[in-house]
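Annotated features, as they stand in TrEMBL:
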TRANSMEM  21-43  transmembrane segment
TRANSMEM  63-82  transmembrane segment
TRANSMEM  89-111  transmembrane segment
TRANSMEM  117-141  transmembrane segment
TRANSMEM  172-192  transmembrane segment
TRANSMEM  212-232  transmembrane segment
TRANSMEM  252-273  transmembrane segment
TRANSMEM  285-305  transmembrane segment
TRANSMEM  317-338  transmembrane segment
TRANSMEM  350-368  transmembrane segment
Amino acid sequence: LIARRNGAQEYKRIGPVFLQGTFFLLLLAALLFTASHLYSPFFLRKLIGSDDVYQATMKYVDWRVYGFFFSFVAVMFRAFYVGITKTKILTVNSVVMVLTNVMLNYVLIFGKFGLPALGIAGAAIASSISEAVSVLFFILYTWKKVDYGKYGLFEYSGIDFRMLKQILSVSIWIMIQHGIAFLGWFVFFVVMEHQGERPLAITNVVRSISSFLFMFVNAFASTSSSLVSNLIGAGKPEQVMGLCGRMIRICYYFVLPLGILIALFPELVLRIYTDNPDLIASSVSSLWVMLSSYLIAVPAFIFFFSVSGTGNTQTALLIDMVSIFVYVFYALWVGIRIHADVAVCWTTEHVYDLMILSAFFYLWKGNWRNKKL
């Protein structure tokens, strides 16, 4: 919505979307915070067999849920800056957040500078605080550097139910989509937990490295989504496919060299996350499988996010629902049915990426060019 208005040069209409979206997300954060506190112990106890893993998970969740409020507000700031195509500040913000997180992880997990060693709870606290720092950074930068009068950013005139309805008509499908995606990942981790603590440990390490690479893919895919909306708002839908192609090439320029370096020196990278030599040796094959999936993930996610950029979020949800269904079925089959090695289980990423790559065919032939927002 922000990008479409920016492309149409309707700048004053951006602020109401930002403010009403922030209000809604804070309400949603409060609901999720309450639900997590009330129901997480029950559901996690049912799903996790190992008592040690359950206790560690609860220690993490009890503190991590406080980050909902900060991360949801940060999402709106990111949407604003991506929508108005001023994305450099997002890189600076990410660096500030990551550095804060790394520093606090060191202090809180291991108990430095006179503080107690909190272990996994310290990791959760560090993540929540780093998200709060991210929001504070966005607020200060916006106040000092952005012409908020131009965008009507802080002209709050109460709850606008008509605007909220318009926002929800687009975003509700994206929220459901992200919820389903989270559910898919959760099922995968439960499958790994049922294979044993070692497969789960390997999965956690490989997932951490994958998150680093996915940060680049997600950034380019989100930018592509915003630029697609800007192009449609400016009346240039015929340029969308060319834009996607350029974004894919640029994303490969970043992801491929990093992926190759990690593949060439896997033990060196794995030592960042664990000092257990057996775990490092056991994780290498899974790491290589995960890295190979990014050859598909780069175009898949850029095309997939671009579908949402056209405003057809229901179509994006349908693509994701089918993809997650196949992903979960395949994960259960390789992990539970045939008890495959962890590295084989990680081919679930290839399956999911191939499924969402179908978004290309929708952009190529689908009826999205005249979508009104």
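Each residue, glycine too, has its Cβ placed from N, Cα and C.
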Remote residues contacting the transmembrane segment (285-305) - C-beta distance under 8 A, at least 6 residues beyond either end: 202-203, 206, 209-210, 213-214, 217-218, 220-222, 224-225, 244, 247-248, 251-252, 255, 259, 262-263, 266, 269-270, 316, 319-320, 341-347, 349-350, 353-354, 356-357, 359-360, 363
Touch test for the transmembrane segment (63-82) and the transmembrane segment (317-338), at least 3 Cβ pairs under 8 Å: no
Segment-segment contact (the transmembrane segment (212-232); the transmembrane segment (117-141)) at 3 or more Cβ pairs under 8 Å: no
For the transmembrane segment (317-338), distant same-chain residues with Cβ under 8 A (at least six beyond the ends): 173-174, 176-177, 180-181, 183-184, 187-188, 191-192, 194-195, 304, 307, 344-345, 347-348, 351-352, 355-356, 358-359, 362
Cβ contacts under 8 Å made by the transmembrane segment (117-141) with residues that lie 6+ beyond its boundaries: 56, 59-64, 66-67, 70-71, 73-74, 77, 89, 92-93, 96-98, 100-101, 104-105, 107-111
